[in-house]
Amino acid sequence: MGSGYQLLQLPRERFRKTSFLVWVIILFQRAISMPLGIVTNSTLKATEIDQLVCRDKLSSTSQLKSVGLNLEGNGIATDVPSATKRWGFRSGVPPKVVSYEAGEWAENCYNLEIKKSDGSECLPLPPDGVRGFPRCRYVHKVQGTGPCPGDLAFHKNGAFFLYDRLASTVIYRGTTFAEGVVAFLILSEPKKHFWKATPAHEPVNTTDDSTSYYMTLTLSYEMSNFGGNESNTLFKVDNHTYVQLDRPHTPQFLVQLNETLRRNNRLSNSTGRLTWTLDPKIEPDVGEWAFWETKKKLFPTTSWRKLAFPNSINPHQQLLRSEPGGNCPRKN
């Protein structure tokens with residue numbers, strides 16, 4: 001009995017630290033009238049939100065504001081091969097949807113159109129009224145095939161796929177999305193004064209024009225074995241020229257790679273497919289996190305030295321090489 005009792009109680013020092021932390025949280029919650037709750041697909045219950053109305057800080061639902069928060073700010077890998085590993089197919093799980101009022105501008109969004117080997121579609125069409133995420137710096141458009149072992153594609157980490165003011169637990173076919181979560185912000189109830197002046201202007205709905213002040217660039221890919229253990233991803237330069245992606249990279253790197261291939265006449269010059277592979281010397285992380293500095297320009301000052309071809313190409317020093325078995329000779 002004595003040893004069993006010892007197992008059920010916290011050590012004295014740990015109990016003191018835990019008690020102190022609990023009191024700090026309670027006092028902080030009392031002092032700050034803006035608690036933040038994160039909703040994932042495992043905690044999404046309307047009844048929980050309704051119960052907040054009966055508590056001290058929230059007197060009406062007008063104080064409850066929903067915000068979509070993107071995952072990319074946490075430093076997750078955003079390249080297509082890495083991102084697709086975070087998504088998986090499941091059967092027998094009903095999808096969940098929640099709306100949100102405001103969101104962030106996303107650096108990386110995705111748009112998938114995947115078919116099974118028999119030609120049938122892997123992903124469902126979006127429900128009526130569901131539109132793509134409206135603010136994307138780069139849209140990674142992926143087409144390809146895969147086993148798709150399940151009815152619907154979910155996020156393995158329990159996150160949402162953010163669309164235009166709508167978050168869903170599943171991926172919809174051909175609809176642009178960003179990865180994220182939904183946060184519910186409880187605002188303090190404003191004091192009402194009968195002499196309060198009317199607004200100087202009516203509020204503006206900034207989501208009407210999804211392209212205003214924001215340049216979107218679409219990057220295209222071909223993927224095989226989507227949803228399987230080992231997938232293969234090719235970056236599409238044009239209809240006959242591709243680059244094999246074998247390690248993490250940034251979208252800025254792909255933009256520069258695309259321009260380098262075109263400027264140096266490295267595109268396929270026939271109807272055959274030319275596939276390039278990256279030289280191991282290349283560092284594909286150029287421009288990492290540059291979007292925190294600015295979101296509205298194309299980073300023109302980034303150095304090209306690591307990607308540019310020399311005037312006289314040495315076969316042993318070139319930074320790109322055609323894949324063995326390619327049936328299309330490159331231009332001289």
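Glycine residues also receive a Cβ, built from the backbone N, Cα and C atoms like all the rest.
These come from Swiss-Prot:
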- 1-33: signal peptide (SIGNAL)
- Asn41: N-linked glycosylation site (CARBOHYD)
- Cys109-Cys136: disulfide bond (DISULFID)
- Cys122-Cys148: disulfide bond (DISULFID)
- Asn205: N-linked glycosylation site (CARBOHYD)
- Asn229: N-linked glycosylation site (CARBOHYD)
- Asn239: N-linked glycosylation site (CARBOHYD)
- Asn258: N-linked glycosylation site (CARBOHYD)
- Asn269: N-linked glycosylation site (CARBOHYD)
Please list, in sequence order, the residues in the chain of Asn229 (N-linked glycosylation site) that are at least six apart in sequence and whose C-beta is under 8 Å away from its C-beta. none
Cβ neighbour count within 10 Å of Cys122 (disulfide bond): 24
Between the glycosylation sites Asn239, Asn258, Asn269, where is the Cβ count within 10 Å the lowest? Asn239
I'd like to confirm something. Which of the recorded positions, Cys122, Cys148, Asn239, Asn258, has a Cα closest to the Cα of Cys136 (disulfide bond)? Asn258
DSSP three-state assignment for Asn258 (N-linked glycosylation site): helix
Relative to the Cα of Cys122 (disulfide bond), which of the recorded positions Cys109, Asn239, Asn258, Asn269 has the closest Cα? Cys109
Name the secondary structure element type, per DSSP in three states, that contains Asn229 (N-linked glycosylation site). coil
Around the Cβ of Cys136 (disulfide bond), the count of other Cβ atoms that are within 10 Å: 23
The sparsest Cβ environment within 10 Å, among the disulfide-bonded residues Cys109, Cys148, is found at Cys148
